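Participant: Structure incoming, see below.
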Amino acid sequence: MSSRLFHTSRNPETHPLTFRVRDDRAPVGLEEYQDTRGYEAVRNMLRDLSPDELIERMKAANVRGRGGGGFSAGMKWSLTMKGEGVPRGYIVCNADEMEPGTFKDRLLMEELPHLLIEGMIIAGYANNARLGYIFLRGEYVEAAHRIEQALQEARAAGILGPKVCGYDFDFDIYLHTGAGRYICGEETALINSLEGRRANPRSKPPFPGQSGAWGKPTVVNNVETLCNGPAIVLRGADWYQSLSGERSNDGGTKLYGVSGKVKEPGLVELPMGASAREIIDMAGGMRDGLELKAWLPGGGSTGFLLPEHLDLTMDFDTIGKAGSRLGTGLLAVIADNQSIVSLTRNLEDFFARESCGWCTPCRDGLPWTARILHSLEKGEGENGDIEMLESLASDLGPGKTFCAHAPGAAMPLQTALKHFRAEFEAGISHPQREAHAEPIPVGSV
Amino acid sequence: MEPSTRDASASSSYSLIASDQYPDDFVLSDEEREAIEQEKGHFENPRAASIEALKIVQKRRGWVPDGAIYAISNVLGIPSSDVEGVATFYSLIFRQPVGRHVILICDSSSCFLTDYEQLRDAFTRELGIGFGQTTEDNRFTLLPVCCLGACDRGPALMIDEDLHGPVDPGDVASLLEQYA
Amino acid sequence: MATIHVDGKDYEVDGSDNLLHACLSLGLDIPYFCWHPAMGSVGACRQCAVKQYKDADDTRGTLVMSCMAPVKDDAYISIEDDEAKDFRASVIEWLMTNHPHDCPVCEEGGHCHLQDMTVMTGHDRRRYRFAKRTHRNQNLGPFIGHEMNRCITCYRCVRFYKDYAGGEDLGAFGAHENIYFGRTTDGTLENEFSGNLTEVCPTGVFTDQTHSEHYTRKWDMQFAPSICHGCSSGCNISPGERYGDVRRIENRYNGEVNHYFLCDRGRFGYGYVNRADRPRQPVMRVDSDDERRDELLDVGGALDHSAERLKKAQRVIGIGSPRASLESNHVLRELVGAEHFSTGIAQQEYENLQLMLEIQREGALPTPSMREIEDHDAVIVLGEDLMQTAARVALAVRQAANGRAQDLAAEIGIPAWNANAVNTLAQGRQYPVFLATLTETRMDDLARERFHGSAEEIARLGFAVAHALDDSAPAVEGLDEATQTLVSTIAEALMTAERPLIISGGSMGSREVIQAAANLARALRQRDRRGSLTLVSGEANSTGLAMLGGHSLDWALDSLGEGDAVVVLENDLYARADAERVDRALGAAECVVCADHQSTPTWLRADIGLPVATFAEGDGTLVSHEGRAQRFFQVYDPSYYRPNDLTHESWRWLHALHTTMEARRVDWTQLDEVTEDCAEHHPQLAGIRDAAPSASFRIKGQKLAREPHRYSGRTAMRANISVSEPRAPQDADSAFTFSMEGYNGYAEPRSQVAFAWAPGWNSPQAWNKFQDEVGGHLTGSDPGNRLFEPEPDNRLEYFTAVPGRFEQRDDAWRVARLPHLFGSDEMSARAEPIQQRMSAPYVALSEGDARRLGVDVGTELTFTIGSHRLTLPLRISSELRDGVLGVPALPTMPAAVNHEWAHLGEETKA
Ligand SMILES: Cc1cc2nc3c(=O)[nH]c(=O)nc-3n(C[C@H](O)[C@H](O)[C@H](O)COP(=O)(O)O)c2cc1C
Ligand code: SF4
Ligand code: FES
């Protein structure tokens, strides 16, 4: 069962990610993949490009990380420790896709596993990696099956192994499936999980490129980011840049999508910088009788935007300036009859539950946040709750917690309070409850 | 020379040092042991196989009994407290018995926006259990799960390895019938 | 060095530190939890947030966790910034959301880091109105109490237990706000350093269960700087007393010795001080009508009777003790004369002690301090099962091995304090540690290579490595191939190391093993290697006694005869020599006077018993195996609560006895006078004068307080005896008062600190305030004074007596004593909690021997060893050498069986 993918006419020039997707939605096998210039990029690269040249090309293409962070992949690759005396490290594909509202990597992995494999070989070559791991969330059973099959095909065809496509480069890929927990998507927590540990994030610095999996230089990239590699190698950075034209400084195309109460939720590959309105229109607009009240541009950890923001270009900088984040670029729409308080409560429940428990603000601040939201949702809030939420949201912000999980939780809360304060105020029924009208002294020494 | 990880099989079979760590009432089957051994080979360090090892045990037994923690710790040569630390961290490792079928209902935002709560209530009503519980006939266990990446098909859920969505609350009974 | 600007002031700090460490070292207060000076930073708790500015012009700044921020030259930071303060207040508020607020019944209360930080951040109003999560607690054995609801999830416990101490059975479980620190199941924490959890945990999750039995708040206890008597390591301790009982022992910081950590024997083994069966009054055994009766005496009577009986004797022999102070031993020696003084140490052990001393003083390599042990990059241990004989040294060796991680990290610019990053990079890579022991040890996981064999085989290995390093060292003939390979491996590792460390000691009772270690040292030196040599000596004052000199115990036992009298000082002879032999010797003597604080078999056998002080009731000087003379100070005056208690320091008793015998007035009324006399008589001990400040030492004109200034109930605590409050006992022997009067601050340089307390710092973290740099040295220099350094001209030649091969016998097994952390130390073995951790007696055979005999684990085997017959259940070891019988060194086991041949009893053979 696959996601709806808009655009019937997709071609390699304009839809580098999805042009191979079959109408019957069966996975694209090795033969078919190679018939459509699959693995040509790897061959060209190994024949013509040094790792440094490859990295330069990636940098020029300006592929910004599709996992949600938006960090330039080329830049990341250029920072990986390489050279004399440095052990060969790892490429890790972040296929943990658990960001609420995100369903793009699933399509790429289920239908185009060879595209991902090719992308990983390219990243592996650029970063002098010995092995690649695909860190796939455990629930993606179908994807696991298809990737495993593709890996076997690739190995059998000599595409993976001691001599990749016959060239003097050895590289193989293992599939690793997870056992739940959203935090595994955070790249350093992911590495800990890959090493068989509790998925607590690691401090940065040192960055994974210096000391990652098993202390070796490691590059973590999102599935979609990696899938951009082959076309860039094949067609060049200029072509890639030109895909988004004047719309955005970010190059290439993006797998956008929309969920929530639209008529036809689904995915679409559009040039970077399409507008949210285009994407929602593609999905047939809101279901009958519903109006758009707000939207999340790219997952549960992005900030709420309003209908007035619909024409903003969906790229990292523009959405950032509007007070949110592009995130994964998959919108969730909220209809006029839906409660922002409830949705925010749902999000904060999620983030509180998925906190790894390493740092205090996230571990103990989020449950408190969620509990206040439960009160407000039930109409049992108290005076001061909103101020408390504001202060919590600020204390959970960037730089204050160990990783970006809690800031991700803070953003929807902060923006919900900003845009929909009245809805929260409506949840307050108690001026302040008897029991603690007088604050309780904790005791002193 | 790099450190060799402590391989339990290589350490002494008779020891003066008493430890109460390893109750021996649990035995890994040969296939389980083999599968774990094979998994070890994929990584620089056998510890990395700990999650997979737990999943291997769980796949055959439905859950991870206490004894498996020690058995896995033995095979991987890492402390049982590390194995338990991992087992209790990850939400898809079950440290308590579950029903024959595990229902994972996505409770994240997109499904929430497509009326997940009604669906959840339908399951609760139909099965007479809440999240974290197992039906008396041991047939179903109900659990919430993070965004299943099926947001365009919300509200979505998984039963065992099958993804379903969108599921109408009215169809819950017939859906459950597929799982004996 | 770097300059940093903190809230408008400029400071010079160590540029390799993190900001938290640097600021604390400056004396600035920043609250923190997860950071620990010995364990570095992990950035988990977020309590240490400060504002950091780009430059002098930046007014906005950003919050950083000071523990994770490297010190940069010219950095501008603010601790006082409002945003930083607010954030820190929020962190405490979150940490407290689930906390039970049970301070009144919590044993951490009053020395709780969490309390201190709560006050420091100003959190005093609860705003969280929802339910708290609760946890179930575990039974973690006799040492450690567990109350998980108080947990603030700083992860310090597991980081200490696993990463620092190498423990395995404590973990972090669960996720999000439901995180649990404990064992996989209920059960005793196995690691030998579990007690440090009580100090490492910033709140009351892990508490000292031996303290719970007779709990007293920190502010209500009386303390003194003391030295652990558990082994020869000389760890510094801070015992706390109330109502005449020692209530607990905590670590006392000494930057050169134990710094922050103790082993569990030292921390939990104090119970013998409080035993109800302790002699508290002098006793004389009177024979009347075939019956032996104990007659209690007063001090005068005890002295008169003893003096009279000793004067009647033709000769008085004195038997000293390695568990008694130098002063007490010296006074005994003065009493009986040098020619009649025995150290109380069995011949073979004593000879080995002398040998070790010679090697330490005249050998090729210096003896490192315990702290310096951590700074070596290759270690070979010959013969010593460190975890059982000097556990704190084993912990230091672990840090040496782990030091590789920090060095590897440094290569790519990861600072040493970034703990998890360091570990991640190192992936368990360690510096090489080679263990050559009789059988498996509890530090085997550290070993790159292990060698198991008999004493001569271990010695041969050592000799062979020395030869491999330097041709002119004597060679070893007939090594098998595997050993030869191991020899090369070790030699190469020692040669590639920059600071190799050799460790050996006396516990195997093997002269050759010690000589092999000396040869190793010399060989390294011949090859121009720098390195160190540690020789573990055994008991708290074994090294001191070896330096003091005297005859062996065997001499005393052999020469005691008709007409002789003997004075035994704090020594149970039955624990050191064959019972029949002791009986014979004591039986021959006209009179046996025993001065001890325990009702030992020797005490019970004596004609007159003099009740003496333990370390808690007296002062004295000990010399640790590194040659560090250290003073322990009296914690309390026992007669204050028990007017009938006539306990006095041994030196007081014996000096009084001496002067009574000579019918003259006493010379010495103060410890300092005895110390001085001892130093004068023994030039090699001259340095003991500087082991601690004298009784006349004052700070700002004041003596030093033994009690915190909040000490309560003083006027009433003796009301059950008399309602009029007596004057507090006076202490002529030291610079300390038995009260809260006196100096207890930290602003003046100090090295003798009874208890660490500073305003706002009630927990052990208060040590920060007493250190020149946090985790460094005490402001008044670290306590103690080293008595020897090796002679620079390296006089000691190679030892040449390479032992032959171990000749295994068919009909007999060579007995090897197996030391046990819990049980092998006579005194702590008398403490109830230690007894709970003591192994049951057993005999151990190799797997091969067991197979040959057709016996299995648990089979009751009978062996005869000399005059002893032992019937004990069998333990089998795959690591033990064939032909060796392991016999645990436990209180109920015969002492004098090491190296004897054991024969299988007839009944077992059948
Ligand atoms: C809490 C959290 C969860 C994340 N989950 C994912 C995820 O599921 N998939 C993903 O690709 N990136 C995820 N990220 C982002 C990754 O940390 C990382 O930035 C990304 O994998 C880098 O790849 P990219 O540069 O190609 O985007 C997550 C980050 C955080 C803080
Ligand atoms: S913000 Fe802190 S507790 Fe939350 S997931 Fe990140 S490290 Fe863990
Ligand atoms: S002490 Fe700095 S984060 Fe805990």
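Numbering starts at 1 and runs along the chain as displayed.
Cβ atoms are placed via backbone N, Cα and C, with glycine included.
This is the feature table in TrEMBL:
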BINDING   B:Cys106, B:Cys111, B:Cys147, B:Cys151  [2Fe-2S] cluster binding site
Participant: Across all protein chains in the structure, which of the binding-site residues B:Cys106, B:Cys111, B:Cys151 has the highest Cβ count within 10 Å?
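Facilitator: Top count of Cβ atoms within 10 Å goes to B:Cys151.
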Participant: Hey, does DSSP put B:Cys147 ([2Fe-2S] cluster binding site) in a helix, a strand, or just coil?
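Facilitator: Assignment for B:Cys147 ([2Fe-2S] cluster binding site) reads coil.
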Participant: Helix, strand or coil for B:Cys111 ([2Fe-2S] cluster binding site)? Use DSSP.
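Facilitator: Helix, per DSSP.
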Participant: To see if you understand the setup: which same-chain residues, six or more apart in sequence, place their Cβ under 8 Å from that of B:Cys147 ([2Fe-2S] cluster binding site)?
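Facilitator: Expected: B:Cys106, B:Ser108, B:Ser109, B:Ser110, B:Cys111.
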Participant: Can you check what DSSP calls B:Cys106 ([2Fe-2S] cluster binding site), collapsed to helix, strand or coil?
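Facilitator: For B:Cys106 ([2Fe-2S] cluster binding site) - judged by DSSP and reduced to three states - the answer is strand.
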